[in-house]
Amino acid sequence: MNTLIFYRDWIACPSCDRLHIRPRLLPGHVALCKSCGTRLTGRCMYGTALPLALCLTALVGWIIAMTLPFIAIGFGGQHQTISLPSAVIILTQHNMLPLAIFTGLLLIAAPLISILLLIYLLFFLYHKTKPPFYRFMLKAFSRIRFWDMTDVYLISIIVVLVKAMHMADIQLLHGFWAFCIQVFFIRFSFLVIPVRDMWQRLSRPGLNPAPLPGKRAIATGLVPCHTCTRIHKTGQKRCTRCASPLHNRIPQSINRTFALTITAFILYIPANLYPIMITENLGTTIYSTIIGGVILLWETKAYAVASIVFFASVFIPLAKLLALLYLTGSVYFRKKNYPNDLTKIYKITEFIGKWSMVDVFVVATLAAMIQMGSLATIQPGIAATAFAAMVVITLFAAETFDPRLLWDSTPQGKNNEQS
Ligand SMILES: [Zn+2]
Ligand SMILES: [Zn+2]
């Protein structure tokens, strides 16, 4: 029975729900789930000092990237430089508010808030004290860092350079290189300090029920917190560590994922049929669709960039939508085989989602750069909004899908419950 005992701690795999005893790890080691190989926990090799230094460097990089010019454009005798914040202002002034909001939130606000939250948490951890309001700060960090898409933007800049090469002289300036430093250092600190492990550092395990490791949490009347991993008895409404609502499975997971996937599918059609970018160059207007842009890049022998745009804008969104349909279908029709393979498909789907934003950032950057009045202008087409909405809805669809459903009622899941 579920008697309460003192024990180190249990951890349930977020992908398959299998219970493990939380191991005591050596620095640099990670613990993987025995059933599906998902990373359960890890121990940072570098302590707190290095991640804190990385975050402070990323903050300096962010400040320089926002204040110094990012790109210089020379076109028809006109020259101008733009910084990232001025690009957002240009988009707002030219009635491209959705793109301005997207760019401002995903490339400026989300990275800054993530860096500041991480510095705050690491500063207190470095001084071996518990940060005030750490529950709120850590939950905010785990949500907001998901929306930091600065790494995707670096790929977009390569595409912009190739696309605008024939139209204008483009030079990357100090602001861009500072931006690269910010992206590199913040990604590295995310890598060495995963959020789930920070919960462990900040809050010691309390009294824990005593299930047998190897069983699944749901089979032993336990429910793990989705945010901080602490395990509770089923029936507990909120997590005793982070106050997040507790559910055995994400409520209405399949219905919500299916509805969001179908919505994204509908948006995929106008995103591909209508022009994503409208270029006016010396009196000529060119409407380019996503696939038209790929063909143009291919014809100008920019094969690598054409392939990147094709994969990011055509292949990945479609593959992701089909994968989500397949996964929801597998759970709905209680497909009893291969939960391990399906979990891998889900993890890939989750990982590749944001890379589809490449083309949206390309259009936003070109539209901010090329506003030369009667000489040349670039405007986003209706497909840009449809495409951006599709990517965001697909990201939500992947988040509402609960991969543990893939293991419920499968022979593999049952075996774990019996072992
Ligand atoms: Zn697992
Ligand atoms: Zn929690």
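Even glycines carry a Cβ here, placed using N, Cα and C.
Annotations in TrEMBL come from automatic prediction, not curation.
TrEMBL annotations:
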TRANSMEM  49-76  transmembrane segment
TRANSMEM  96-125  transmembrane segment
TRANSMEM  146-164  transmembrane segment
TRANSMEM  176-195  transmembrane segment
TRANSMEM  257-276  transmembrane segment
TRANSMEM  305-332  transmembrane segment
TRANSMEM  352-370  transmembrane segment
TRANSMEM  382-401  transmembrane segment
Field: Long-range neighbours of the transmembrane segment (257-276), counting only residues six or more past its ends (CB under 8 A)
entry: 287-293, 314, 317-318, 321, 324-325, 327-328, 332, 359, 363, 380-384, 386-387, 389-390, 393-394, 396-398, 400-401
- request: May I ask whether the transmembrane segment (382-401) has at least three C-beta pairs under 8 Å with the transmembrane segment (49-76), counting pairs 6 or more apart in sequence?
  value: no
Of 96-125, 146-164, 352-370, whichever stretch has the most CB pairs under 8 A to the transmembrane segment (382-401): 352-370
